[in-house]
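S.K.: The structure under discussion is supplied below as structure tokens; questions concerning it will follow.
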Amino acid sequence: MAVRWELLRRDPASAARLGRLHTPHGVIETPVFMPVGTQATVKTLNPEEVWDLGARIILSNTYHLYLRPGHDLVQEAGGLHRFMNWKGAVLTDSGGFQVFSLADLRKITEEGVQFRSHIDGSTHFLSPEKAIAVENALGADIIMAFDECTPWPCDYDYAKRSIERTARWAARCKAAHARPDEQALFGIVQGSTFADLRRQSAEEIVALDFPGYGIGGLSVGEPKELMHEMLEVQVPLLPDDRPRYLMGVGSPEDLVEGVWRGVDMFDCVLPTRIARHGTVFVPDGKMTVRNAEFARDFLPIQEGCDCYACRNFSRAYIRHLLKADEMLGLRLCSIHNLRFLVRLMEEIRAALAAGTFAEYRKAFLERWHAGEAERRERARAAGGAGHAPGPAEPLLPENR
Ligand SMILES: [Zn+2]
């Protein structure tokens, strides 16, 4: 088997688990956050930097690599690991999320999805079989089934038809998978924000017996309470001895809340995307280091942080770099944000090992939410401008 997940310890107070994911490219401690390397690169960082901040598995996007440079070329280069010179593990999504996000550019049938490239407008067709063939060629350790990710809000009848199609597609993905000994194919459960559909989807996908499960269609605009509720409905229906991966979710508080509800794996572009707007994570919430108040602030982004940026540079210097549009500013903010999330998961794992995760969660969330509330208050007082995270960058299809 390409990938095996080992349960080390259960949290007595919650659904959280401490575990270990064995892959052809190393052992990964879980719960884990996976940095996103959309175009076979974690934006602005080289692979050594990603490794040095503690990441051992990254995600790459099938949709983007299929369109450019093409999966055949990546295969010819010896697969994704060799092509990008990454010695850790890789997970590829199936492209479904991006393709379904191209609302005006795609047409869905039972056979698959016809879509137009966001790069040059050329027409392509992705089916479960084609998506798996592309993922087989890219060669990641973990590959994801081709599913339909419904937007939010979504009407009930559409969501129901969609999960049923996703289940039929999951069976086709499994049948098409040509490298099961080298790559683990994870199924994806959906169901929008309807509890009965979340249950039905879990039952149908679990019946196909995958070595791991992605939870899709959450954090797509719904209130956080609804996301938590859906996790509480769906996670207990997933097999206890397989890893669970909450797709596209990666804000610090979501990681803590997801682990609490039994999730083992996460990915998100958030840390690198907000870094490009000069926004960084600190234990008291997000901080926009680009703001004028940091012009003469010679402290590091986060005192005590062990990342390269905080060990070597001040807020004032990083702000200067951002204002001057210097690449190093983006790199330093990205390094800090990724290290913040990787370290958060290290701390969560240590708390799980010590049996103190409930206390850790409470302390982390109290401080985080208090800081975020204060930040919103100050932004309001400043007329809404001061602490805004910068212009909204479209999340799709480039930036998931
Ligand atoms: Zn730092």
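Yeah, the Cβs are placed from backbone N, Cα and C, and that goes for glycine too.
Sharing the record's features from TrEMBL:
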{"type": "ACT_SITE", "residues": "Asp93", "note": "active site, proton acceptor"}
{"type": "ACT_SITE", "residues": "Asp267", "note": "active site, nucleophile"}
{"type": "BINDING", "residues": "Asp93, Ser94, Gly95, Gly96, Phe97, Asp147, Gln190, Gly217", "note": "substrate binding site"}
{"type": "BINDING", "residues": "Cys305, Cys307, Cys310, His336", "note": "Zn(2+) binding site"}
{"type": "DOMAIN", "residues": "15-369", "note": "domain 'tRNA-guanine(15) transglycosylase-like'"}
{"type": "REGION", "residues": "248-254", "note": "region 'RNA binding'"}
{"type": "REGION", "residues": "272-276", "note": "region 'RNA binding'"}
{"type": "REGION", "residues": "375-400", "note": "region 'Disordered'"}
S.K.: Within the set Gly95, Gly96, Cys310, His336, which binding-site residues show a CB-to-ligand 1 distance under 6 A?
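M.R.: If the test is a Cβ under 6 Å from any atom of ligand 1, the answer is Cys310, His336.
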S.K.: Using the centroid of the Cβ atoms of Cys305, Cys307, Cys310, His336 as reference, list every other same-chain residue with Cβ within 8 Å of it (recorded Zn(2+) site), in sequence order.
M.R.: Pro300, Ile301, Gln302, Asp306, Tyr308, Ala309, Arg311, Ile335, Arg339, Phe340
S.K.: What's the CA to CA span in angstrom from Gln190 (substrate binding site) over to Cys305 (Zn(2+) binding site)?
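M.R.: Each residue's Cα considered, Gln190 (substrate binding site) and Cys305 (Zn(2+) binding site) end up 37 Å apart.
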S.K.: In this predicted model, what is the average pLDDT of the domain 'tRNA-guanine(15) transglycosylase-like' (15-369)?
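M.R.: It averages 97.
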S.K.: At a 10 A cut-off on CB-CB distances, which of the binding-site residues Gly95, Gly96, Gly217 has the highest count?
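M.R.: Result of the Cβ crowding comparison: Gly217.
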S.K.: So around the substrate site, Asp93, Ser94, Gly95, Gly96, Phe97, Asp147, Gln190, Gly217 aside, which residues have their CB within 8 A of the centroid of those CB atoms?
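M.R.: Not counting the recorded site residues, we get Phe100, Met144, Ala145, Phe146, Glu148, Cys149, Ile188, Gly214, Gly216, Met247.
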S.K.: Measure from the Cα of Phe97 (substrate binding site) to the Cα of every one of the recorded positions Asp267, Cys305, Cys307, then give the nearest.
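M.R.: When the Cα distances are compared, Asp267 comes out closest.
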S.K.: Non-local Cβ contacts of His336 (Zn(2+) binding site) (under 8 Å, 6 or more apart, same chain)?
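M.R.: Sequence-distant Cβ neighbours: Ala275, Val280, Phe281, Ile301, Gln302, Cys305, Cys307, Ala309, Cys310.
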S.K.: With an 8 Å cut-off on Cβ-Cβ distance and a minimum sequence separation of at least 6, pull the same-chain contacts of Asp147 (substrate binding site), or say none.
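M.R.: Same-chain residues close to Asp147 (substrate binding site) (Cβ under 8 Å, separated by 6 or more) are Ser94, Gly96, Thr166, Trp169, Ala170, Ile188, Gln190, Gly214, Gly216.
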S.K.: Counting each residue once, how many in the region 'RNA binding' (248-254) are helix, strand and coil under DSSP?
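M.R.: Reading the DSSP string over the region 'RNA binding' (248-254) gives 3 helix, 0 strand, 4 coil.
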S.K.: By the count of other Cβ atoms within 10 Å, pick out the sparsest of the binding-site residues Cys305, Cys310.
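M.R.: Ranked by other Cβ atoms within 10 Å, the binding-site residues Cys305, Cys310 bottom out at Cys305.
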S.K.: What are the DSSP helix, strand and coil residue counts for the region 'RNA binding' (272-276)?
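M.R.: Looking at the region 'RNA binding' (272-276) with DSSP, the answer is 4 helix, 0 strand, 1 coil.
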S.K.: Determine the Cβ neighbour count for Asp267 (active site, nucleophile): the number of other Cβ atoms within 10 Å of its Cβ.
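M.R.: Asp267 (active site, nucleophile): 24 neighbouring Cβ atoms within 10 Å.
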S.K.: Where Asp93 (active site, proton acceptor) and the residue listed as 'active site, nucleophile' are concerned, what is their Cα separation in Å, rounded?
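M.R.: On Cα coordinates alone, these residues lie 11 Å apart.
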